[in-house]
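Annotated features, as they stand in Swiss-Prot:
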- HIS113, HIS117, HIS123: Zn(2+) binding site (BINDING)
Amino acid sequence: MPLIQISEKQSRIETNRRRIKSAANRILNALGFTDAELSILIVDDEEMAGLNSTYRRKDTSTDVLSFPMREGEFGDVCEEVLGDVVICAPMAKRMGELHGASFQSVMDLLLVHGILHLVGHDHEQGRGEAARMADKTMELLKMLGHSAESFAWYVDGQD
């Protein structure tokens with residue numbers, strides 16, 4: 001069973017940690033990472049903008065960031081440790097309002113997106129990889145009980 005830790009550095013938007021943890025567990029199991037370790041951090045815009053600036057040199061907030069532990073020189077030291085997914089709760093709320101989706105469904109979408117990056121998917125590596133990642137995103141969202149069509153706005157913008 002995956003080991004999942006959830007922390008928050010925001011308090012303005014109520015999140016359901018139990019539901020997030022359950023969704024992460026289901027996603028990891030579906031991807032075959034049954035013994036994985038994952039850290040999820042839920043932040044506000046200010047914290048996310050700081051992380052985005054530090055690690056991506058972009059001076060703005062973003063929806064989700066992933067920090068894989070399985071890359072680089074020491075990536076094979078502890079293969080079950082996947083890394084960290086950082087989700088911006090205010091951004092998720094705004095995205096839901098803009099596209100007529102619930103906050104929780106957008107949180108699930110961003111969680112799927114972040115975990116897929118941790119396990120090697122990268123929509124920025126060309127159209128083929130973007131399409132594979134989009135297909136896997138839709139598959140996992142359906143598994144979580146969402147209508148994949150309701151997220152076309154997000155997936156279409158990833159290539």
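Quick reminder: no glycine exception, Cβ is built from N, Cα and C everywhere.
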For HIS117 (Zn(2+) binding site), the number of neighbouring Cβ atoms whose distance to its own Cβ is within 10 Å equals 21
Could you tally the C-beta atoms, other than its own, that fall within 10 angstroms of the C-beta of HIS113 (Zn(2+) binding site)? 25
